[in-house]
């Protein structure tokens, strides 16, 4: 690959030519054809557009700076022409300062670089028969009408070679390379053409010219308006069809035309929407089961014995609970938790256990079936051997290749950007920076915990005083609820702020690493960003699920944070409801924030731009100028869309035991997300440079890691966060003799047996409440679900035997649940192959055909040439040994 790049690209570098030797673009006026995609001659197709501001009319820079910029631009354009590209410049209709340089790649240039880039192109139509599945008739109801968007014809393909041109399926040279491929080839050239040489270091690439402001934009053209078809009868108006049949809200229940998306936007966009659509379809099953479990909880909540005891004035009404903070908190009646205990019965039920086990298996089914679907797309979209054959070195990497090393395989010298020691130093620095930022997030989480502990005291002292007269509000607005909601909101704000900062830091760190290819770059950035986002988004949820209320001591000996703040206890209804609240605020707020950021802001910017343009002129505007006023897609492309969905995938799987409706909400969000992303791409953004992608990259192993972790987290949520295990232990062991007094297994008496008794005379002065004790009772009940011996016992305030039974049951449950799910997942992974037999047959058939057409033809030519050479040799031998005539 390096040799090929040197042969094609490097000769165009060298010293910057003199002014008189520079080639300049052709100039042409706009021909008043707003939908034209061709040069002024109507023959040469526009493959790319460069936009710059006329240096003679710039007023923002010094004259010397403007001359330097103009010189670099002229050299760059001259070198583009030297590379075989054809340029045509046209001044803007709306703004005389702007100049649009249209770029066209002739046939010879396309063929040359298609070979260098190992682009796969059609050999002949596929002769493999496709079998309709049993559900084909059903899926046809949701497909796009084939009369509107015709199915793409399938071909056998092979990497392009000019010397085998006759073997490829060329019916028309103008359409052999489709617009997406043409744009990709031109962008490859634009990224590698030189514009200056400084200190023997060559500067090249359109990206640097864009960063320095020499060019304002560079993009391929949309083929039409999204509102109406092109006026050119030869234009297929693919953008209009995509908007009407894909991005429009009316298509929310239709399947996506993935082949058509791939044809217009390239494989990278296509694989994203294929993955998102597949994930959304799989969520349908999870959502149905989740809703079923939720309804089961709703139907059985009235039979929840322990909740009835909490709400019973003769049971819960006679139980006085100890204060939950020092001094300012008061004694409280257990019946305050009546409403939250009823809600808890919905989520903390047997259905939740079933759903957690189901989701542990569902996530494996999703990943395994996606691998099969991805393998099919790899074949259909010609990306099976993309990484090995076709992916090019990043221009930024090439520019830094100053060190010479010996290749262990070829035993030849090659250029690399750093030595082994330099690479080690870079990795050390980058790893240290990543850990620093993760520790910063953990520090922010600790800050929010301290906020919870300190503000809880304030709410405990003030809420009860200000809302005494409003019993309805007091029932719901408890100090715990107020603290939880405000802390969740602050946590969400901190998460968003840290996201904005770390995004820039992660890009700087990855740029400093200098990955070799674009795939390496994106995978490295993906890993950093997700590692940060994982800690940022999930840390507060992990704290509530597994740490809050677990290490609080007892009223006579509470545990303190930093020696000052008493450790936080759960809401009277348990931490499970608080975890649900945290998830709802973060997921809901994140969805609203992302939609504002991704959809509303580009729409407002484009609206302002169109308003300003309309105010300046009523002239006919060409296609390239209409596209220029759209928003740029950004360097990272769909990275943030992937990140958003994978973070959602984590919420749906990691904490689903606390909220069975999470898959349903994710399903609704994703159905909207697909159309919003499609609407955004087709209407608000310039056309992206089509890029190849073999798969979804580093997101696949990240989701596999989440799937493994999800089994553990859900098992631990059921064991330690919910009240299911203590209830089961009481029902089967402690409700009947020898520990209980009931004659049969029952949940009656559960509340009384799990709330330990504390003597109020044992309060320390530092934690003794200010509020006076009422009644003639001398005891209060300890922390909800605490299991300790009562006052007066020889082991008073120590954990009782019930506690150790519960701990043993929790650990046994975690081990059994994990092993059962992991074993089932192992069987599923083994049974379901990553590549279907049908896809394997297609790949083998294509390889066979490629070998037959390309290599056997070569052999025929060699045999033919060898036969001619043999004939000449034989003739020469005959003439040498023939006797001379007398």
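Just so you know, glycine gets a Cβ as well, placed from its N, Cα and C.
The annotation domain 'Anoctamin dimerisation' is assigned in TrEMBL to 38-258. Summarising the annotation, TrEMBL assigns domain 'Anoctamin transmembrane' to 261-846. According to TrEMBL, the feature transmembrane segment maps to 272-297, 350-370, 434-461, 481-502, 645-668, 702-721, 811-832.
Between the transmembrane segment (350-370) and the transmembrane segment (434-461), fewer than three CB pairs separated by 6 or more residues in sequence fall under 8 Å, so the two stretches do not touch.
For the transmembrane segment (272-297), same-chain residues at least 6 beyond its ends with a Cβ under 8 Å from one of its own Cβ atoms are 255-256, 258, 261, 345-347, 349-352, 354-355, 358-359, 362, 365-366, 369-370, 373-374, 377, 638, 641-642, 645, 649, 652, 656, 660-664, 666-667, 670-671, 673-674, 677-678, 696. Sequence-distant neighbours of the transmembrane segment (645-668) (same chain, 6+ residues past either end, Cβ-Cβ under 8 Å): 276, 279-280, 283-284, 286-287, 289-291, 293-294, 297, 347, 351-353, 355-356, 359, 363, 530, 533-534, 537-538, 541, 545, 576, 579-580, 583-584, 586-587, 590, 699, 702-703, 706-707, 709-710, 713-714, 717-718, 721-722. For the domain 'Anoctamin dimerisation' (38-258), the model gives a mean pLDDT of 86.
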